[in-house]
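A.B. asks: What TrEMBL records for this protein is below:
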| type | residues | note |
| --- | --- | --- |
| DISULFID | C211-C232 | disulfide bond |
| DISULFID | C310-C331 | disulfide bond |
| DOMAIN | 46-158 | domain 'Ig-like' |
| DOMAIN | 165-260 | domain 'Link' |
| DOMAIN | 266-355 | domain 'Link' |
| SIGNAL | 1-15 | signal peptide |
Amino acid sequence: LPLLLKATLLRLASGSYHPFYNGFYYNHVMNDDDNGQDKVDYLNGARLVVETSKDPVYSYNGANVTLPCHYRYEPEQGPKRKIRIKWSKLRDDYTKEQDVLVAIGKTYMAFGDFKGRAHIRQASRHEASLVISDVRLKDDGKYRCEVIDGLEDESDVVDLQLQGIVFPYQPPRGQYRLNFHEAERVCQDQGAILANFNQLFQAWSEGLDWCNAGWLADGTVQYPIRLPRKPCGGVHLAPGIRSYGPRHRHLHRFDAFCFSSALKGEVFYLDRPAGMTLEEAKQSCQDAGAEIARVGQLYSAWKFAGLDRCNAGWLADGSVRYPIVTPRANCGPAEPGVRSFGFPNKGRFGVFCYRER
C-alpha cells in the first residue's frame, strides 16, 4: 500500500485517532477574551460576509463622508470576540494599498494623511463604516473594508468619487513646458490636483475635447478627443482618450490636466470703472474679506454654482478669464465654458475673488 495509506491505517488501529473538525480555531490572545486562560474557540462552520455599497459614494472637497461597511455571519452567531477592522485605499491598478485605519473594538489608529480625519462608525451591531472628515481631493478612489475574525478574513471594496471638474492647464510660459513634478505643483497652485484617468474619461464623456496632451496622476500623458481631426491623432481614429503612455517624469514636458472639486465657499466678481491691475485686484479681494480666486475655483464655481459672467477678471496665476453658462452675443463661442485671455503683461480688468463660507 502507499505509504500515506499505511500510516492512516496504523493510526486508526492504534485507537489514537481523533475525529476531524471542519471549522476554525481561535486563540484567546487574538480574540481578547481577557480571562487569563488558554482557550480554543470555534466558529462552528459560520461564514463571515462583508458588504459595502455597490454604488459609488459621492462627496466633495472639504465635506464629511461615510463609507458604509457591514459584516454578518451565516448562520448568525451570538456575541463574539472583538474583531479587527482594517480600511485601505487602493491604487487604480490594485497593485498597492495605502493604510487608512485599523480598529479593534473601540480602539483605532489612523495613518498618514488620514490621522485626525478618519474614524470607525459603529452605530449598529456588525457595522464597520469609515468616516472621513474634511475630504481632500486626493481622497478620491477605491477603499477596501476588511474584517478579520481570528483566522477568517473577508473584505469588500467601495468607491469614493468626488464631484469635480477636469480642466487643462498651461503655464504663462506656453504649451508643453511642464514635466510631471511641475505639473503636480501647478495644479496644486490652482486649488486642484492632477486628474486621474477615470476623472479624465468622465470629463470626456461630458464633452471635454482638448487637442493638447497633458500629464495625469499616474505619470501617463493623454488627451480627450470628441471630434476627430487631423492634428489630433487623425480623422480616421474614433473619438476617445488618446494616450502617449507613461513618459519620463523629469525629461518629458507637456501640459497638465487638473481636477478640482465643488467648493465650500463662493466665487464672486469685483470691478472698478477703470479696471484694475493684478496687484490692485489682489488688494480689492483682501479688502472684501476674500482672496483672489484660483483657476480651479473659477472652474468649480462655473460648473457647480452656475457662475456666469461676461466680464473678464484676474485670477491668482496672473491669467484673465471669465465663465459662461449661457452663451450669448459678445461673450465668446457658442458653447458654455471658461474663456481665457491668457496672461496679459499689462491691462486693467475686474477680478474674481474667493471667500470661505
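Glycine is no exception: its Cβ is also placed from the backbone N, Cα and C atoms.
Walk me through the surroundings of each of these features.
C.D. replies: Applying an 8 A CB threshold to same-chain residues 6+ apart, the list for C211 (disulfide bond) reads Y223, I225, R229, P231, C232.
Taking Cβ-Cβ distances under 8 Å and a sequence gap of 6 or more within the same chain, the neighbours of C310 (disulfide bond) are Y322, I324, R328, N330, C331.
Mapped onto DSSP classes, the domain 'Ig-like' (46-158) shows 6 helix, 62 strand, 45 coil.
Summarised by DSSP class, the composition of the domain 'Link' (266-355) is 20 helix, 26 strand, 44 coil.
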